[in-house]
Each structure stands twice: as C-alpha cells, then as structure tokens.
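Pulled from Swiss-Prot, these are the features on record:
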- Cys331: active site, nucleophile (ACT_SITE)
- His437: active site (ACT_SITE)
- 250-445: domain 'GATase cobBQ-type' (DOMAIN)
Amino acid sequence: MGAIMVVGTTSHAGKSIMAAVICRMLKRKGYQVTPFKGQNMALNAYVTNAGDEIGHAQAVQAWAAGLEPRVEMNPILLKPQGDMTSQVILNGKAVGRTQAADYYRDYFDRGWQAITTALVTLQQEFDWIVCEGAGSPAEINLKHRDLTNMRVAKHLNAPTLLVADIDRGGVFAHIVGTLELLDPDERALIKGFVINKFRGQRSLLESGITWLEERTGIPVVGVIPWLEHSLPAEDSLDLFERRRTKPNAEVTIAVIRLPRISNFTDFDPLEAEPSVRLQFVGPNQPLGQPDAVIVPGSKTTISDLQQLQVSSMADQLRAYSQAGGMVLGICGGLQMLGQTISDPMGTEGPPGEFAGLGLLPLQTTMSGDKITRQRQAQITLPSDCSALGEDARTIQGYEIHQGQTQVLQPEAVQAWFDDPALGVVSCNHRILGTYLHGIFNNGPWRRVWLNQLRAQKNLLPLPLAIPNYKVYRDHMLDQVTDAIAPYLNLQPFLGKA
C-alpha cells in the first residue's frame, strides 16, 4: 500500500481537484486507488449507497478513482450551522451539534479513532490512498488538534505535496512560510511543491523556482496553468468566484443565494448546459425577471427563511409567482415554499413556528431524526410523463434533510413522483418542490424542464436523448486530468508506480 498526502498553503489552493486528478492518474496506471479526507468542513454533502453522509468533494474523488463513494473516504464531516456552530457527521451519521470551542474537547479522540479505523480498512483494500488535507497545515494555533493534515501524513508516513495558488499572489511567501511553521518531522514529509492556477509563460517563473528549490531543497513538481472547468466546487466561495459568463445563453435561471446554501452541486448540470445562464441572487438584491427561480437547500432552513422575510426577497418571490413565474424549491427550499415550518424541539435553533413563503400548501415539522438515503423514483406528473419516454421516467437522487412535510390542501397540488412525500407541483405547474437532491443530474428530465422554460420564449426545444450528468462529469474528470497531467511530475511520490 502506498499513500500520498495533498496539502495546501491556503484554503482554495486547489487540493480537491489535485487529489481527484492524482486518483485518476493512478487509476489509469491500473492501480486500485481511493481518496481520503479525515475531516471535511462543507455544506456540500453526498449520500452513499449505504445511506452515509460524506463530503461531496470526496464523492467526486471517488468517481475519479472509478469507485462508488463510501463513508471510509471521509469519516468526519462538519456542516456549519452558524458562525460558531456545526453539525457533526461521524462515520456518516449525524451525532450532534457543537460549538467551535467545544469540538476538540468532545470529539478529538473519537474523531482520530474514526480516522485511523477508516484508514486500516482502506489500506487492506487499495494499492494507493490519496489523502487531502484541509485549509493550511501550518495553523500554529490549531496544529496540536489538527485531525486532517500532517497528523494523517505522519500516521501513514506519506510523501506530501504542497499546493499553492499563485493567482492570489505571494506564492513564494506562502510556500516558504508554510514550511517554516511546520515541525521538522512534518517538513521532512514535504517532497514537492505545485504552483497552481498560473497565467502566463513558465519562463517568467524560472528565477523564483530556482531560488525556492535552492532555499528549501524541495523540487517544484508542477506549474499548473489556470483551467476553466465545470467540476463541482468545494464550497460557496469557489462556486460564486468561478461562474462563467454566457453571452449566448437563451434561458436565465436565478438561484437564491441563501446565507447557508447547501448542496449547490445540484446546479452543476444546469451550469453545464450551454444555453443556460445561472444567476445567484442575494436576499437583498433585485430578483429581476428570470425565466425560473430556484430556492436551494439550506443547512439552517429557518434562519435562511427569516433572512428572506426580513429582506425584500420574500416579497419579490411572491410577486414573481403571482405574475406567473416558475419557482422550484429543493429540500430546504421546498420547506420554505410552504405555509409554515415548526421546530418544536429546537432542532435548528430556538423552538417555534415560522411563517413560510406561502407558495405551496405545505406544513413542515422539524425533528431530530435525519433522513439520508439514495432514492429512485418514478415521475408521475402527467405533463412530464407525456414528454418523457417510459424508460426516462425513472430518476435518481438522494435525500438529506431533517423534518417531515405534510400537504394541507391535497386538491391544490399534484404528486410529482410515485412517492408523494418526495415532491409536489401546484395545479398550474408553476410552483414545484422536491426533497430530491441531484434531480438535475437526470438528463432527459432536465431537458424537459428546460424546454418548458424555452416554450415560454418561443424557443425551439432541446433534444431529450442525452445521457445523465454522470457521463458528462466523468468526461470532465478526464479532461481536467489530461490538462494537468503533462505539468505534474509525480515520480518523487510514486517511485516505481
């Protein structure tokens, strides 16, 4: 068994993509390879086939390795619920909420046990483990309780790749400063540097690279050019920074930028559609006149709903709906579209009942039980069924939510799926809500929905005979790997591999 650790000088240096690319490169060499991240903090989650919740970035890395995601790849997931509070997902299951000051006191030992147990399992099954760190490995105020970076590297005696983002400036200072703050035994594991997101000619960097290698004795094993790609973003900062302009887009879809937006990977398939422009609209921004509005998932549904209510967005959404606009709510967005959300046990915060947006006759009650499961459902909505062939009416996705939703006026809505609890549609088909994450991954249905928007503008329909998004995602993983591999020398890490 071999192991490689990928750490970064900062957050957003490109660790996740680099780890995915290394997984793909090793897979191409014929090795059994698995990704691993001991602890992730993210609001983008994925549910494995076993019903376990892990970071979505590790799911992407698993697909890069040709694997189905599993809980051992990310035994700890922290999902921020407020500035100082997170939900703790341990071995795929929610085990509680914690304050930042209490987390390491309450979970450090349990967390390290989960990490080492997962590593033992993976070591027994795979030729290579590609580990990803988090943030920076040199946060000196946190190093003594860091579960993710050099503690894992030392445990595996893993040669470590240090990735730095030159696009942010100060790349040489970041690299040297990080090395200076590492302990000697940690520094000894750093076997190469990657300068990521470089724009320009490498010759302009040569003097700096020579200086860096002479000063540190460590080679620069890669200078990676700036890449445009559509692989899922790690968090919302990445997401909003990289949105591409599409001057020739024919359909505009507004996504409400909730303060605690979660699972925004739901929209990657829409971003990949050449004819679709996505706009992320904050609660205090003008909504405008998009062709459709999506209210996405949220880690703190009630708090984000209240933000919509105190801002202008709730009124804007109601006015948009009354004017005939199409609104789709996903997971927490579905809950917000209803009449009320009650939280009698204080699952998300102070107990109480809270007014929803009132666009669907629904009532949601929060509870301590969390639903995490893969789902396969049959579309039963007549308008969708008439457009889809029988084979394309089966769609796949996953649920991650707390709370149960009831329909208050059954005559005012139609069931969207063969399981009515998964989603409903208003009788005029302009307001839709579903608990199903990943619904846009289903290519034919995505095109049916987009064609409804196109028909509003007298645009020709898009063809429905397309594969699901996972085929496109796999193609993108190949493209990104093909773009990075020529600039990345892994021999110092792989030896004879």
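Residue positions begin at 1 at the first shown residue.
Each residue, glycine too, has its Cβ placed from N, Cα and C.
If you take every residue in the domain 'GATase cobBQ-type' (250-445) and average the pLDDT, you get 94. A Cα-Cα distance of 7 Å separates Cys331 (active site, nucleophile) from His437 (active site). When secondary structure is read from DSSP and collapsed to three states, the residue listed as 'active site' falls in the strand class.
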